[in-house]
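Checked TrEMBL, it gives:
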type	residues	note
ACT_SITE	8	active site, nucleophile
ACT_SITE	14	active site
ACT_SITE	126	active site, proton donor
DOMAIN	2-152	domain 'Phosphotyrosine protein phosphatase I'
């Protein structure tokens, strides 16, 4: 099984939405049991909290269920997940700092935007201080980037069962 962890700052906007979109796409493709995901934040601002109401509303408009409580990135995540996918450069750098501080492997830490063919925008913007349109914009970016990331995972031997 391939395990993916989506990471943003507070784990109440982008990363839980990314996790929900990803899980819906995994289910639609019949890949449950071969790919799973979770999400977290680099900060401890919202541990145990539900996602932002605007995140929940955006997901609901698109028929995507979210069942998540905020949590912070842990050292064990570097061992437990195959891909640590950050939403922006700042969280990418914070994730690497934690890894280096504890001498953890970082080869599986990526920006989600790295998987976006043809896009110059590699960071998924934080919609927290904006309105509903910011959350919809983030949804559209995540939807596109996750399609491209998932197509990479579908070719992984642990997903498709073909030898490397």
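Placed from the backbone N, Cα and C atoms, the Cβ positions cover glycine too.
Automatic prediction, not curation, is the source of TrEMBL annotations.
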Over the domain 'Phosphotyrosine protein phosphatase I' (2-152), what is the model's mean pLDDT?
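Across the residues of the domain 'Phosphotyrosine protein phosphatase I' (2-152) the model's pLDDT averages 96 on the 0 to 100 scale.
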For the residue listed as 'active site, nucleophile', list the number of other Cβ atoms lying within 10 Å of its Cβ atom.
28
Round to the nearest Å and give the CA-to-CA distance linking residue 14 (active site) with the residue listed as 'active site, nucleophile'.
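The separation of the Cα atoms works out to 6 Å.
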Among all the protein chains here, how many other CB atoms are within 10 A of the CB of residue 14 (active site)?
33
Provide, as an integer number of angstrom, the distance between the C-alpha atoms of the residue listed as 'active site, nucleophile' and residue 126 (active site, proton donor).
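The Cα atom of the residue listed as 'active site, nucleophile' is 9 Å away from the Cα atom of residue 126 (active site, proton donor).
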Specify the secondary structure state of residue 14 (active site) as given by DSSP, simplified to three classes.
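Once the DSSP labels are grouped into three classes, residue 14 (active site) ends up as helix.
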Need the DSSP three-state call for residue 8 (active site, nucleophile) to compare against my parser.
strand
